[in-house]
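Visitor: Below: one structure in structure tokens.
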Amino acid sequence: MDLNQIKKLVSDAKVYWKRPMPGRYMPFKEIFAYSFGGIGMYFMIYCIQQLTLSTTNLIIGNAIGIEPNFMYILYALSIIISFPCTAIRANIIDNARSKKGKYRPYMLYMAFPTALIVVGMVWTPYEMISSQIVKGIIVLLFNVGIQFFYMFFYEGYENLIMVLSPDSQERTDVLTIKSIVYSLAPSIATAVLPIVASWVTDDGSITDLNVYRVLYPPFAIIGLICTVYIYANTQEKIVQAKTHVVRIKFMDALRAVAKNKLFWVISLAGWVGFLENTYGQMLNWCYEYHSKGSISPAAYSILGLIVGNANLWGMLAAPFAIRKWGKKKVVIVTNILNAAFLALLYPVVRSEPEQMIWAIAMVLFMNYLMTSFGVVLTPAMNADMRDYQQYITGERIDGMFSTVGLIGTVITLATSGIVPAVYESLGINETVLQNRMNEIVEITGKTAQDMGQSAYNVLYLPDIFKEVFTVIVILSVVGAVMNVIPFFFYDMTENRQRGIIKVLQLRALFEDYGNNVLRDRDVVETIDMIEESAAFVKAQPKDLPAMKAAIKAAGSKEEKKAARKAYKGAVEYNNNIEIAGIVMEEMTKFSRPEWQYKLAQAKKLADAGLDGLTADSDETLQKALADAKAMPKGTKVQKEERSAAITSAKDRIYSKRVINEKHGGHIEPFDTSVFESLFEREDNNLAERTRLEEERSAAKKEKDRQRLEQIKTELQKLKEEKKVIDADIKKATDENSYYNKLAKPYIDAVKLVKQAENYTHYEDIKNLYDGAKQRNEEAMRLEEEKARALAAEQKAMKEKLKAEKAQKKADKKNDKADKKDVRKSGKDSKKK
């Protein structure tokens, strides 16, 4: 980024601080809050990550003293406990109705218990507890809290970007800024750790729990402050119709997510690459058990900063690499290079040079450089996956991805036992620790009691240290290779993702038209997009090979520059043609034979009403299923349409069977208006409780005991009423979900018929364009005028406050001078 670009960025930030740039969704104020607030967030996230149960956790294993095999048992229990916690979180998130947003409230409210977990876990006096079981139970209970409170907190922050902007490239850019900034937190924490250890302990040990008792509480407080700042300065946005009501059946959502290929590719990469992270503690272990005598805490701190700095360069390069080559190529190449760099560790640990920690650090720098691309790539790919989910199902069921991810948790539970078993076989166990205690005491100069606290202290023995590190490298390389394989099947291109976003935009426009809630801005933006796509779809692509040849053939520097510019423009031109094809395919889908057939079937079912679900014979429904399976699957679109047709046919069969068996062949529609009264009761109850809480505060100040008792009684009644309301809402939700599952074919048919009807009114919507554009421009002008007036008012207020402050300062100075004169005059009078 050159000086002119920096100046432009600063200029744009000033102009678009409170409003987004044209074609974007996030103002700079929001980007700043989400990104820079991430520093504090990640101080707390860093602490929790270091305290979460895993089979290689340094604090739990080495500082608290939990044995490797017992730690795996605790880890397995925490995974099992996480199942219901994850399901509860997913349901709460996806069915949330908070006006404050989908993720922001959880990020805020769960920050406080998360901070308490950090402080409580490090300050528990484990050294006074001799029983491994008691220690383990305490650690497990804290981790149960982590599974619920922290995961709400973490997912709230990480997933917030999914709803701050629907634009994939904007999300990628913001994630890059956020990643660069928040990476300061773990870098600082890592660098400070050995320095604090040198202050707190005699030998600078990083396996002494007192180090973390000093370090982690301040990090938790910083996290709390930044959480509040992010909450106050962000606003959620999702590209959905205004009247869209999200109604999610748990199992329906599971089935929908299960068919999302992108989800499985991304998940599988993590599941099969579980061995890759085995190298995670190499640097800490090398410092603690091998090189602590040959490198000072300050030097190790600098070393940690240098290695951690690799993350910065990878995250900086990621968005540029994505723009040039796309997410798929970048993720594959970086993972292959990552495996290659890990392999370089093998000759290092086998030769065991005198300054081995520096050699390991150099290799890990390159490894972190490659893995840091994933910090930007993973959230960006996850966001594309969620957009695709909304594209194929019409619902954003973000929380349910975590629920389906429980399958991966089961896989992880099974595979995580491999590393502890390997450690056990290599000598990290109580038997070897006791048998070779004399050697360890001689090497370390510490007492047998101190060294007996952790089985990992066998790593002080050179032969065991060397063998363990060799195996760690081999396992890490195997894991890295396995991790890259699934990404060869990732097929979401940047152009397709941009096309999907435009399709979601036009679907929302037509749905809003059908519901008579069109907004002028949406009309203008979407009509412009459709008309532009209609023009591009007829255009001929540019001859890119010829233009690339022209770059090579160009003689002068200016000619090459012009040829490159022309080539770049041609690439974007061809991209627009491809994207336009996706948009126009959606616009014209009801003119294609397969969609006309689908629409005819939908009209037949919609006209028949709910009784139509049982009207067709079993033979007819089975034939429909056979026809769906016989549909062509040569292209991606054909595969998607075939899959949807098969699902629809199976839903018809299921609905008929259950309605006949359990409901006598007939069901009544569920009256969703019941939710309006229920939510109104809920809001009124909350408003009344809020009012009483304020009155209680006032009564406490006035020490009005009688009023306090009245308020206490009224609050208790309201709490009981809330329980009844919650139960009624749950009952209505269950009934509505059950009805939606049984009536799904009919509901889908009605939606399709309505969508087809809305699509026929494009010209009617287009006729609204001129008026909508005029009103939108006028609204924008008034908004800008208001912003300018506010800025002028703020400037005037600032000048007024400055003047008042200066006047107060002058008055104070004059008062001092007057008092001095009075005192002087008094003294003069006395002298006379």
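Just so it is clear, glycine is given a Cβ too, placed from its N, Cα and C backbone atoms.
Feature table excerpt (TrEMBL):
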- 682-735: coiled coil (COILED)
- 795-832: compositional bias 'Basic and acidic residues' (COMPBIAS)
- 791-832: region 'Disordered' (REGION)
- 31-52: transmembrane segment (TRANSMEM)
- 72-94: transmembrane segment (TRANSMEM)
- 106-126: transmembrane segment (TRANSMEM)
- 132-154: transmembrane segment (TRANSMEM)
- 175-199: transmembrane segment (TRANSMEM)
- 211-232: transmembrane segment (TRANSMEM)
- 253-274: transmembrane segment (TRANSMEM)
- 298-318: transmembrane segment (TRANSMEM)
- 330-349: transmembrane segment (TRANSMEM)
- 355-378: transmembrane segment (TRANSMEM)
- 399-423: transmembrane segment (TRANSMEM)
- 468-490: transmembrane segment (TRANSMEM)
Visitor: If you count Cβ pairs under 8 Å, which stretch among 106-126, 211-232, 253-274, 355-378 touches the transmembrane segment (330-349) the most?
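Guide: That would be 355-378.
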Visitor: Contact between the transmembrane segment (31-52) and the transmembrane segment (132-154) is defined here as three or more C-beta pairs under 8 Å separated by at least 6 residues; is that satisfied?
Guide: yes
Visitor: Tell me whether the transmembrane segment (253-274) sits in contact with the transmembrane segment (468-490), defined here as at least 3 Cβ pairs under 8 Å among residues 6 or more apart in sequence.
Guide: yes
Visitor: Could you please provide the mean pLDDT value for the coiled coil (682-735)?
Guide: 87
Visitor: Counting only pairs 6 or more apart in sequence, are there at least 3 Cβ pairs under 8 Å between the transmembrane segment (31-52) and the transmembrane segment (211-232)?
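Guide: Between the transmembrane segment (31-52) and the transmembrane segment (211-232), contact is present.
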Visitor: Taking the transmembrane segment (106-126) as reference, which of 175-199, 211-232, 298-318 has the most Cβ pairs under 8 angstroms?
Guide: 211-232
